[in-house]
Amino acid sequence: MKLRRGALRVALGLALLPLLRPASAVEPISLGLAIAGAAASALTGFISYPRLYCYFRECCLQRQDQRAAAALQENLDRKLFGQHLVNKVVVKAVKGFLNNTNTKKPLALSLHGWTGTGKNFVSKIVAESIYKRGLKSKYVHQFVATLHFPHAHSINLYKDQLQSWIRGNVSICPRSLFIFDEMDKMHAGLIDSIKPFLDYYELLDGVSYRQAIFIFLSNAGAEKITEVALDFWRNGRTREDIQLTDIQNALSVSVFNNKNSGFWHSTLIDRNLIDYFVPFLPLEYKHVKMCVRVEIESRGYAVDEDILTRIADEMTYFPREERIYSDKGCKTVDAKLDYYYDF
């Protein structure tokens, strides 16, 4: 950076030289051309230098793949609680994909679990690990089913619009990130319109989609995830004993056969185009307390243990007899803090 600034100063100095020296001492044509050439060369190198350009303007593939993977790991370790499967699967999947220079298809992750377990939070962290502006990046595209695709009678229109949007944005930036929220509220059949973009094609109409990332968020399958977690608990095993193989197949079948899901009998599942079904386990009392603590600290306040415990106790838990899991995860923590703290 310092060297480039120096080059710019030299170029500008050379450009101003004729104004500072007597005209009689200068050969106007030959020296003028030399000065112009030197200045143009230095300025061109300065302006076209990729890192500098991307410092002022957001670029596609903004962060190096290794830096993105490291940022993802660090943020999940520090900010995500009670989701050992998510941490392991998402980091390995994204890191492996970013470091693979010869991918055969886009990366497709489907995140499942109850509200408040961290699905949106994780998609936000993935976006931030790849692009500094995160969800605000012009290369990150977020769709919410009830907002962007509200009318069942307009499915054919939505399909055309969705295909055009993905095609146009991947043409501009191969490492585009697409996030589909509320998949459990999406009209069945709509998501199948993007099937060609997730398949094993090298090019489609001259465009490669192999560097793109697709993330789907859904509450569908949450019952199956809770069923597995409860079985482990009742058999005296910890949640950390749960492996992806204990849930993933049952989860994909549950989502595929759920008539209230946008993945109902979807070709994306039938053709095995979803790389990972990522289960978000229901959060326990101790995880809620962790969420409260981090939120208080992020606002710059000292942690009051009494208030922290009171907020966690006010949450409702299920099943009714055991009261193990928070039915809203950490979703209402922010609002409850506003009540207890004079912010």
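A Cβ is built for glycine as well, from the same backbone N, Cα and C atoms used for every other residue.
Sequence annotations record features per position, and here TrEMBL assigns ATP binding site to Gly113, Trp114, Thr115, Gly116, Thr117, Gly118, Lys119, Asn120. According to TrEMBL, the domain 'Torsin-1A C-terminal' annotation covers 283-340. Taken from TrEMBL, the feature signal peptide covers 1-25.
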Cβ atoms near Gly113 (ATP binding site) (within 10 Å, other residues, all chains): 26
Position of peak Cβ density within 10 Å, selected from the binding-site residues Gly116, Gly118: Gly118
Of Thr117, Asn120 (the binding-site residues), the residue whose Cβ has the fewest other Cβ atoms within 10 Å: Asn120
List of residues, in chain order, with Cβ under 8 A from that of Thr115 (ATP binding site) and at least 6 apart: Asn219, Lys328, Gly329, Lys331
For Trp114 (ATP binding site): intrachain residues, at least 6 apart, with Cβ closer than 8 Å: Asn219, Ala222, Ile225, Thr226, Phe280, Pro282, Tyr325, Asp327, Gly329
Cβ-centroid neighbourhood (8 Å) of the ATP site, Gly113, Trp114, Thr115, Gly116, Thr117, Gly118, Lys119, Asn120 excluded: Phe121, Asn219, Phe280, Gly329, Lys331
Composition by DSSP (helix, strand, coil) of residues within the domain 'Torsin-1A C-terminal' (283-340): 32 helix, 5 strand, 21 coil
Long-range Cβ environment of Lys119 (ATP binding site), under 8 Å and at least 6 residues apart: Leu111, His112, Gly113, Leu217, Ser218, Phe280
Taken over the domain 'Torsin-1A C-terminal' (283-340), the model's mean pLDDT: 91
